[in-house]
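Take a look at the structure set out below.
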Amino acid sequence: MENRYATSPEDVKRYTTDKLRQEFLVESLFTPGEIQMVYTHFDRTVIGGAIPMKEPLALDAGDFLKTDYFLERREVGIINIGPKGKVIVDGDEYTLNKRDCLYIGLGKRDVSFHSEDSSNPARFYFVSALAHHEYPTKVLPIEEAVPTKLGSDAESNNRTIYKYIHSEGIQSCQLMMGMTLLEPNNMWNTMPAHIHDRRNEVYLYFDMEDDSRVFHFMGQPHETRHLVVKNEQAVISPPWSIHSGVGTANYTFIWAMAGENYTFTDMEFIKMEDLR
């Protein structure tokens with residue numbers, strides 16, 4: 001598990017491009033036959049990717065978390081971004097097609113990832129946060145998630161938001177998780193920008209062609225920077241940072257948050273004239 005410490009906005013505004021990427025961009029989450037994880041000290045969030053092949057992959061704490069098992073003090077949200085697979089939780093099987101979500105609560109000991117077809121394996125993305133109470137394990141197919149339409153073609157941000165884990169959906173301690181799909185010929189997300197100083201956020205960009213890129217904007221509103229992001233790469237967004245992007249083509253991204261105020265609408269919008 002890779003370890004990344006929290007950062008100050010005063011320090012970040014002096015970072016080079018390489019340093020920005022080192023601190024905030026997760027370039028490699030998906031390796032066939034392995035689980036890759038990154039621990040960020042922003043709200044103690046763990047970001048991970050798993051591609052099970054012929055053998056299942058077990059989610060364990062390793063040496064880093066200093067617990068007997070991964071979910072001893074945590075909860076986790078999982079979304080499959082690839083072909084059909086399943087997750088087995090303490091003996092119970094949960095099938096996930098592409099874009100389906102599974103929430104697993106505090107205290108579940110044995111969690112493993114499986115692909116239905118090892119020649120065309122599932123690609124599981126997960127985000128974990130600290131937990132203080134056990135909520136039930138629940139799967140939510142994308143067909144059962146309530147879509148919210150936002151934006152317009154004129155603004156190049158016509159998109160659909162699916163909220164999976166939130167106060168009016170799958171219940172959790174603090175984790176919030178969902179997905180945004182942009183329509184063809186629409187490239188902007190989260191503009192006008194916002195911040196939520198009580199919660200960090202992580203974006204995973206996917207459904208992109210190999211030669212497509214997203215220019216992800218970050219930093220304080222008056223001190224913005226950008227990261228150039230490829231398919232299936234994640235961005236760690238500190239609580240003090242905006243998180244917005246524009247692509248060379250349309251894309252999909254998964255957003256996940258942890259921290260205080262378990263409310264999707266708890267955010268402070270930034271006026272366009274205040275962005276620099």
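Backbone N, Cα and C atoms are what each Cβ position is placed from, and that goes for glycine too.
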Of the candidates H114, H132, H133, H243, which does Swiss-Prot annotate as part of the Zn(2+) site that also includes H194, H196, E201?
H243
An 8 Å radius from the center of the H194, H196, E201, H243 Cβ atoms defines the neighbourhood of the Zn(2+) site; name the other residues of that chain inside it, in order.
T190, I195, R199, S237, P239, S241, I242, M257, M267
Taking the Cβ of H196 (Zn(2+) binding site) as centre, how many other Cβ atoms lie within 10 Å?
21
Counting only other Cβ atoms and using a 10 Å cut-off, which of the binding-site residues H194, H243 scores lowest?
H194
